[in-house]
Amino acid sequence: MPVFKTPFNGYSVKFSPFYEHRLAVATSQNFGILGNGRLHVLDLSPSPSPQPISQLTSFDTADGVYDLAWSESHDSLLVAAVADGSVKLYDLALPPTSNPIRSLHEHSREVQSADYNPVRRDSFLTSSWDDTVKLWTTDRPASVRTFKEHAYCVYSAVWNPRHADVFASASGDCTLRVWDVREPGSTMIIAAHESEILSCDWNKYDDCSIATASVDKSIKVWDVRNFRVPVSVLNGHGYAVRKVKFSPHRRSLMVSCSYDMTVCLWDYMVEDALVGRYDHHTEFAVGVDMSVLVEGLLASTGWDELVYVWQHGTDPRAP
């Protein structure tokens with residue numbers, strides 16, 4: 001299976017929504033504490049080859065890159081969430097000297113996440129350690145709106161897959177909030193965990209279902225119509241769960257990665273929910289994604305400076 005070595009520590013990995021062979025990786029030097037960053041764009045070779053994964057291009061930043069998002073409207077556009085508080089836009093169709101095409105400086109602390117609107121396709125969210133979420137459009141040099149209710153770092157903000165104006169945010173203040181950009185404040189507050197919430201994601205087949213991942217080692221699935229108790233609680237990770245992501249192909253399937261160095265696959269609708277565990281990383285596993293174009297294709301990255309791409313059910317380390 002393809003493996004790519006990055007010079008810096010991996011932070012996030014995302015498959016392109018346009019090309020089944022393309023993915024991007026956000027990396028940070030010195031575990032993101034101090035130093036530079038680099039955004040890699042990688043291509044998988046279509047047939048068995050000596051080099052199953054190659055770098056199309058890369059972009060250097062003065063600070064670590066914590067997350068990235070592919071545009072849903074332009075196949076060459078990427079958004080990067082940077083540790084200096086900036087949000088940078090890159091266009092693969094332009095030479096590296098012309099990039100970034102935009103650098104947006106509004107967040108006062110590290111930008112932890114970026115998510116592109118899959119419905120409207122002209123806007124994206126960023127969340128930051130400055131306790132805010134910001135809404136941007138690609139054609140405006142300033143944010144459209146800032147959402148400030150969380151009492152601590154906002155680690156994740158993700159759009160609802162069906163409703164163009166609805167998003168959710170997960171914070172170190174132990175709450176999940178649901179927002180409608182047409183409303184003045186959040187429309188829902190869920191005290192989802194007793195520890196920091198590091199990630200959240202909407203179910204792609206049920207726009208009322210959302211998952212949260214926490215420092216408490218658990219993943220919880222919630223129904224926003226009745227959120228007094230979670231629909232499901234998934235235990236199996238040994239340390240904090242860094243990311244959770246619903247499958248774009250199967251309603252009840254999700255993938256997670258953790259500081260326990262593993263990537264886990266879950267089916268939250270069955271009793272034995274843990275359906276796969278991969279322990280190929282030798283440091284914190286902090287980035288994971290599932291391809292929307294190739295069912296069962298997974299990618300992960302971690303602080304061991306490696307990016308793995310593999311088909312579920314196979315060994316990520318197999319040659």
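The backbone N, Cα and C atoms fix where each Cβ goes, glycine too.
Automatic prediction, not curation, is the source of TrEMBL annotations.
Marked as repeat 'WD' by TrEMBL: 104-146 (among others). Counting residues of the repeat 'WD' (104-146) by DSSP class, helix then strand then coil, yields 0 helix, 21 strand, 22 coil.
The repeat 'WD' annotation in TrEMBL covers 147-189 (among others). With a threshold of 8 Å between CB atoms, the same-chain residues lying at least 6 positions outside the repeat 'WD' (147-189) that come near it are 109, 112-113, 115-120, 125-129, 131-135, 195-204, 207, 210, 212-213, 222, 224, 227.
Per TrEMBL, domain 'EIPR1-like beta-propeller' is recorded for 153-266.
Annotation source TrEMBL lists repeat 'WD' at 190-232 (among others). Sequence-remote contacts of a segment are chain residues at least 6 beyond its ends whose Cβ falls under 8 Å from one of its Cβ atoms, and for the repeat 'WD' (190-232) they are 152-153, 155-156, 158-163, 166, 168-178, 238-248, 251, 254, 256, 258, 266, 268-269, 273.
What TrEMBL records for 234-267 (among others) is repeat 'WD'. Mean model confidence of the repeat 'WD' (234-267) amounts to 98 (pLDDT, 0 to 100 scale).
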